[in-house]
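Peer 1: If you look up TrEMBL, you'll see 50-123 marked as domain 'AGAO-like N2'. For 250-661, the entry in TrEMBL reads domain 'Copper amine oxidase catalytic'. The active site, proton acceptor feature in TrEMBL is assigned to Asp327. Annotation source TrEMBL lists active site, schiff-base intermediate with substrate at Tyr409. Residues or ranges marked as 2',4',5'-topaquinone in TrEMBL: Tyr409.
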Amino acid sequence: MKTRYGLIFLIPLLSILVLLTRCAGKKAQAEAMESTAAPLPHPFDPLGENEIRTVKQVLLAEKKIDTTYRFFVINLKEPAKADMLNYKPGDAFQRQAFAVLYDWNTNKTFEAVVDLTAKKVKSFEYMAGVTAGGMAGDTLVDKLLKSDATWMAGLKKRNIHPDSIKTSYVFAGEMGMAPADHREMICTPQYINKKYHELLIDGLVAYVDLTTQKVLKVLDDGGKGYYKPEDIGYFDPAVDTVIAPKTKPLQISQPEGTSFTIEGYEIKSNSWTFRVGIDNREGLVIRDAKFNDNGTLRPVLYRASVAEMYVPYGSTDMTHAAWNYYDVGAYRMGQGDPKVMNGLKAGADVPMNSKFLSTFFHDERGEPMKLDSVIAVYEEYGGPITRHGRFSHEARNLVVKYFTRVWNYDYGLKWIFHEDGTIDLKAELTGIVGIKGVNRTSDLPGGPDETFNGNYYGTLVAPHVEAVNHQHFFSFRLDLDVDGTENLVEEMNTVAVPPSKTNPYGNAFAKQTSLIRNEGEGQRNLNPSSNRHWMIADSKTVNALGQMKSYMIMPGSNAMPYAGTGSGPRKMADFLERQVWVTAYKENEAHPAGEYPNSRAIKDGITQWTSDKEDLVGKDVVLWYNLGITHVVRPEEWPIMNTHTLGFTLAPFGFFESNPIIGSKPSKAKAAVAKGIKVPPDVSLCVPLPGDKAQPVVVKR
């Protein structure tokens with residue numbers, strides 16, 4: 001009896017212990033989802049806390065720097081691509097870090113490579129003629145301007161107390177006055193209190209050389225611009241509250257768990273396997289994406305990221321002529337500051353069923369900073385992936401989401417991996433639009449502000465408050481390896497067939513493909529009238545139907561820059577002269593505007609790389625896609641802008657021989673053709689590129 005009653009009391013106790021163990025296991029699993037690295041890092045994993053700290057320690061120990069140096073970038077130095085293509089789990093590898101440092105005392109910028117395995121400096125190089133991007137020390141402009149008599153007189157003339165403003169500044173670039181290798185800013189005052197958040201005071205501009213710590217010149221229009229903020233009240237705290245009607249709870253339940261797994265930074269689903277990471281400069285990076293084709297992992301995308309982002313403004317005043325922001329190269333889309341930026345929020349930024357990854361950034365002193373929930377991974381219902389009559393099947397999308405804040409804007413990147421092999425990229429823009437004070441209180445023609453043909457250079461969003469016309473350009477670097485690295489690129493245009501005996505009704509149209517043979521030909525623009533697309537294909541074999549096994553980039557809405565072709569901003573952002581570039585892969589060709597786009601002394605970038613017109617056929621190629629939006633602000637986007645989305649699609653074209661989600665087998669005839677098929681040695685693949693006078697190309701393989 002004692003034993004029986006003992007067991008009776010023991011059973012509930014064991015049940016409680018089991019329950020607690022399960023809860024602890026779930027908690028540990030959740031914490032693992034939040035971890036920043038696997039116990040044994042993969043070569044692609046972002047730098048961990050100790051690795052970031054080691055970079056500074058090693059540089060100090062070898063006396064390459066002192067404690068006054070500031071770190072603009074500390075990143076993983078990615079292993080050579082050739083090594084990674086041969087890498088297998090368990091192989092030994094070195095961990096290296098790349099850093100950009102700035103010495104304020106000498107105005108010198110340095111690049112360093114630190115061997116984290118050996119804890120040694122591998123290289124330390126002075127980068128002559130350039131200056132590192134935006135840093136906290138740039139706020140020195142405030143102190144310098146308060147000591148300048150002309151600047152202070154301009155404020156006094158406008159009855160503006162110097163303690164009520166801060167300085168908005170941007171790298172001078174092509175518009176600068178100082179020597180080209182100096183750290184020069186163009187500065188404008190703006191109100192700092194909450195009521196007048198981000199309101200620029202037009203008509204007072206200064207050139208400040210931070211290298212010499214001198215104010216070079218102050219431009220004052222005498223008070224023509226609007227500078228009287230009283231009675232505007234455009235950012236009253238009462239209007240800063242979302243008043244949308246409350247909705248009932250929406251619950252997303254996955255009682256059997258997710259259909260994907262996360263191991264370190266590797267994500268696997270039934271259809272896809274890939275790795276994610278954070279680059280201090282570029283933000284979210286997708287690496288080594290492969291599609292599971294009936295058990296065979298087929299390479300598609302080796303690396304994808306936003307390699308540059310450029311934001312020009314379109315008002316004629318000096319301030320906005322200078323506002324040309326390189327949000328990747330100069331201000332870092334990946335450098336999240338925990339003081340102003342939170343991680344992703346379940347139920348707002350991403351769905352409640354999201355799993356999160358955290359990571360470490362660094363401050364300018366080289367110390368690590370943790371940011372939780374910086375990447376979200378989740379499944380979403382994608383509607384029917386296919387439907388016909390009574391038959392339909394749910395699309396289950398695998399999503400990776402990232403958000404960052406750069407100045408007044410918040411940018412989201414949403415990579416969507418579909419079960420049919422398609423990849424969608426959605427870029428999201430939200431935050432607060434750039435504004436300035438103006439004289440008018442109505443957008444009716446004839447107002448007191450400067451106009452072009454009766455139209456203003458922005459939209460009135462409140463009396464005396466204008467949201468300035470501007471553009472955003474995301475430049476994506478897409479290193480596609482379609483079934484390997486020996487690829488070729490074709491351009492596809494759809495053309496109307498002229499009426500003839502073979503087209504008696506005049507209704508026919510056909511696709512024409514043109515081979516892009518070299519980097520000179522790989523400089524292309526969109527053409528919606530011809531349904532223009534580009535295909536990156538395996539150059540060695542075709543599929544069973546005789547088609548190139550390729551992935552196609554399908555553009556969405558886009559834009560071209562409006563700045564004049566001879567203007568300084570347009571010359572600095574010359575990578576926007578084409579919406580598509582194709583280059584041969586090179587490790588050091590990473591950013592289309594160059595490594596230091598805020599500097600005008602040395603110009604490098606994609607226009608320089610492609611000048612030699614290197615051959616592209618059968619090579620490892622990189623496709624660069626410039627995704628743009630022209631933002632003429634609507635009053636409905638004030639005081640906070642609702643999210644706007646734009647993007648593009650990477651879709652298989654001939655990569656499969658039929659719909660990969662159906663599971664049907666090729667016919668015997670197809671299988672017979674497919675057996676050992678190779679592209680014939682002499683194939684006239686393409687018509688010339690539109691505008692190209694060359695004869696049709698015969699490709700030798």
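A Cβ is built for glycine as well, from the same backbone N, Cα and C atoms used for every other residue.
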Peer 1: Given Asp327 (active site, proton acceptor) and the residue listed as 'active site, schiff-base intermediate with substrate', what distance in Å do their CA atoms have, once rounded to a whole number?
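Peer 2: Cα of Asp327 (active site, proton acceptor) to Cα of the residue listed as 'active site, schiff-base intermediate with substrate' measures 10 Å after rounding.
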Peer 1: What is the three-state DSSP composition of the domain 'AGAO-like N2' (50-123), stated as helix, strand and coil residue counts?
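Peer 2: Once the DSSP states are binned, the domain 'AGAO-like N2' (50-123) shows 17 helix, 27 strand, 30 coil.
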Peer 1: In the three-state scheme derived from DSSP, which category covers Asp327 (active site, proton acceptor)?
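Peer 2: Asp327 (active site, proton acceptor) sits in coil per DSSP, no helix or strand.
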Peer 1: To which of the active-site residues Asp327, Tyr409 does the lowest count of other Cβ atoms within 10 Å belong?
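Peer 2: Result for the active-site residues Asp327, Tyr409: minimum number of other Cβ atoms within 10 Å at Tyr409.
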